[in-house]
Amino acid sequence: MTVTYTARVANARFGGFSQLLLLWRGSIYKLLWRELLCFLGLYMALSAAYRFLLAEEQKRYFEKLVIYCDQYASLIPVSFVLGFYVTLVVHRWWNQYLCMPLPDALMCIVAGTVHGRDDRGRLYRRTLMRYAGLSAVLILRSVSTAVFKRFPTIDHVVEAGFMTREERKKFENLNSSYNKYWVPCVWFSSLAAQARREGRIRDNSALKLLLEELNVFRSKCGMLFHYDWISIPLVYTQVVTIAVYSYFLACLIGRQFLDPAQGYKDHTLDLCVPIFTLLQFFFYAGWLKVAEQLINPFGEDDDDFETNFLIDRNFQVSMLAVDEMYDDLAMLEKDLYWDAAEARAPYTAATAFLLQQPSFQGSTFDIALAKEDMQFQRLDGVDGPLGDAHGDFLQRLLPAGAGSVGPLGRRLSLLRRKNSCVSEASTAASCGCAGAADGGGVECGCGDPLLDPSLREPELEPPACPEPTAPIPGPTPEPFTTVSIPGPRAPAPPWLPSPIGEEEESLA
């Protein structure tokens, strides 16, 4: 059964992981203690032979061998090779768990699309979910040793209620040398199509949704089969295993303590137990043991997947969802916060302090600015009201001289005139169109040097400022069209752009 210690590390605190070091089940001590004792026993045997059994000449030869092994053992890239291997194994292990076929989404769709409170409708729903559970059982007994021990033959699957005897005959009569875990999924599709013809599934969209979710369920079963079939390349596993074993075989000799009287470098201290070598063995060999346990999570190790538990849970939950819970709803009632303007669930005394914490509004809401830094500033070189800055900016876009009078110059001038003649207030402030608005026939100049008569093209005559409440009567010179303003409106804020889109339409 999977070892769960999540509640023990819910809160980070001083020495929080130290409690986990005392656990035995699922621990590295349980996996590694035999290998550790074997390594320590061989080390102590060599050390005793060096100290008590070898002659002086043999000791000198053994000391040269120790120095040689210690010098070249570091050439084995054990940490590099082992690190990549364990990373690959852990990633593969988690992906296999994500491929476990869970029927939760499928059972919700079956309960919502296959209708009928009679025995026929109930039979449809239960049979559909039984087919899904049967497909999961067939694939799990193909990849998991625990499930295979529970269902060693198809007869056990029939006796467990996942398959009827008639279905077993059809299953066995289907001639195929490949794994037939997909057969119940085909039965599911055919039964769903039959339910659609009988009207139990009321439209094709519901049938499509049901079959799409079945395909997701079947694809997960297929991925489990492929993970079991395609393993991590054997050569990679062999390289890692040989690297670890050869490294510590060299350490058995190279990490021996030599006689300090001989004056060898780095051999000034004589100890019987190689403490740091044992720690190194614990880490590297333990790393290899982690990969050994996770490379196939469908075995019977402490942290392998609980496949039999998942079979029981999925079968029971799916049958409850499509049978007893079908169309079984509680009476609709107004909720507790029906008339509340701001719904908030209560807090217990242990969590009441959370009410004192303000809600997060954004990381910039805590920035403080001085009052003078929050004032809007005019553009550089602009004198006068802030509202004139936009028009002057458009004027500066044009090049100086007579060559600036052209289509772009006329459009920008018209835009500037239109923005200055939007309302009565803006007309009086920035444009000499008051006479035109009063019917005096005064031509609008708008103070724009681009509208000087000497610089105009003879074939185009800019129109006067329009009335704020009604369109200008009479014909309009080509290519301009009459522009009517619905009514007076306030001047646009200076930071908003001019209504260029409207003028572009009139110039089109």
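Yeah, the Cβs are placed from backbone N, Cα and C, and that goes for glycine too.
Per TrEMBL, the features are:
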- 31-53: transmembrane segment (TRANSMEM)
- 65-88: transmembrane segment (TRANSMEM)
- 128-148: transmembrane segment (TRANSMEM)
- 229-250: transmembrane segment (TRANSMEM)
- 271-288: transmembrane segment (TRANSMEM)
- 455-508: region 'Disordered' (REGION)
- 461-478: compositional bias 'Pro residues' (COMPBIAS)
- 488-497: compositional bias 'Pro residues' (COMPBIAS)
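Among 31-53, 128-148, 229-250, 271-288, 229-250 has the largest number of CB pairs under 8 A with the transmembrane segment (65-88). If you look at the transmembrane segment (229-250), the same-chain residues 6 or more away from its ends with a CB under 8 A from one of its CBs are 39, 69-70, 72-73, 76-78, 81-82, 85, 88-89, 92, 281, 284-285, 288, 291, 295. Within its own chain, the transmembrane segment (128-148) has Cβ neighbours under 8 Å at 101, 103, 106-107, 110, 114, 157, 162-163, 179-185, 187-188, 191-192, 214, 217-218, 221, 224-225, 227-228, 298-300, 304-305, 307-308, 310-311, 314-315, 318-319, 321-322, counting only residues six or more beyond its boundaries.
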